[in-house]
Amino acid sequence: MKAITTATLKKWKQEGKKFASLTAYDASFAATFESQGVPVMLVGDSLGMVLQGHRDTLPVTVEQIAYHTRCVRAGAQKALIIADMPFMSYATREQAFESAAALMQAGAQMVKLEGGEWLLDTVRGLTERGIPVCAHLGLTPQSVHQFGGFKVQGRDSEQANRILEQAKGLEQAGASLLVLECIPSALARHITESLSIPVIGIGAGPDTDAQILVMHDVLGITSGYIPKFSKNYITEHGTIQAAAAAFVREVEEGIFPAAEHGFE
Ligand code: KIV
Ligand code: NA
């Protein structure tokens, strides 16, 4: 695998080449996923749930994401690494600059933040300062208490239109990538077609440019339930290596996600 950059992802979008992404939190998994062709890894604040056992992502700190980013960077030489900006670490522009600097210095090549209109100035400020930004819309888990639970977003046309406008605004503000989480498949397709930056979906149907899953879900080790939009690749493929390779292949070939993984 060649070193993956923001330019690589942009080129893939133009060529219509779909790509896979997994979360990773340590060097061994990062190296394993890279060896199986995973081009993009996210040090997600999902680590608050899957590593720390919390009920949501709110307790996660910048220091913790920075630590896990250093671990992932140590294991992955070529993959593009995105680090999540934790809850309230980008409440103001200045806070965002400070948090993003810590994550970039820990080895990330891009930072991800959740939200729409209120973030446009921040996204502009980060990109002007040389920090690539991945935006995140739809079910943004840091707002779970505002939403009243982990619920699919954008189901009525007013909300759907708002998400589309937010996506366009974030691209305009300089975002290099966009994650769409748990929105109707038709809305995700419309947004993907409306943007020139790559769109990564999770619970957003088959028509985004890329797919991401939490590694624990792919490996069938999520405690409790496995989300509808996720897929356990271990049962069928046996080893972690084969599971990662199968996920990459199924995303590239458009086999995953199937209709049953999406929302109407
Ligand atoms: O934290 C995370 O793992 C994420 C992905 C699910 C997109 O934000
Ligand atoms: Na996250």
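Cβ atoms are placed via backbone N, Cα and C, with glycine included.
TrEMBL labels come from automatic prediction, so no person has curated them.
Small disclaimer: the values here were computed from a predicted structure and weren't measured.
Marked as 3-methyl-2-oxobutanoate binding site by TrEMBL: Asp45, Ser46, Asp84, Lys112. Asp84 (3-methyl-2-oxobutanoate binding site) falls within a strand segment according to DSSP. Here the Cβ of Asp84 (3-methyl-2-oxobutanoate binding site) has 31 other Cβ atoms within 10 Å, regardless of which shown protein chain they belong to.
For Asp45 (3-methyl-2-oxobutanoate binding site), applying a Cβ distance below 8 Å and a minimum sequence separation of six or more within one chain yields Thr57, Val60, Ile65, Asp84, Pro86, Phe87, Pro141, Gln142. Positions annotated as Mg(2+) binding site by TrEMBL: Asp45, Asp84, Glu114.
In three-state terms derived from DSSP, Glu181 (active site, proton acceptor) belongs to an extended strand segment. Glu181 (active site, proton acceptor) counts 22 other C-beta atoms within 10 Å of its own C-beta, drawing on all protein chains shown. Per TrEMBL, the feature active site, proton acceptor maps to Glu181.
Taking Cβ-Cβ distances under 8 Å and a sequence separation of 6 or more, the neighbours of Ser46 (3-methyl-2-oxobutanoate binding site) in its chain are Thr23, Thr57, Asp84, Pro141, Val214.
Asp45, Asp84 are the recorded positions among Asp45, Asp84, Glu114, Glu181 whose C-beta comes within less than 6 Å of an atom of ligand 2, given in sequence order. The C-beta environment of Lys112 (3-methyl-2-oxobutanoate binding site), restricted to residues of the same chain at least 6 apart in sequence and closer than 8 Å, consists of Leu42, Ile82, Ala83, Asp84, Met85, Val133, Cys134, Ala135, His136, Leu177, Val179.
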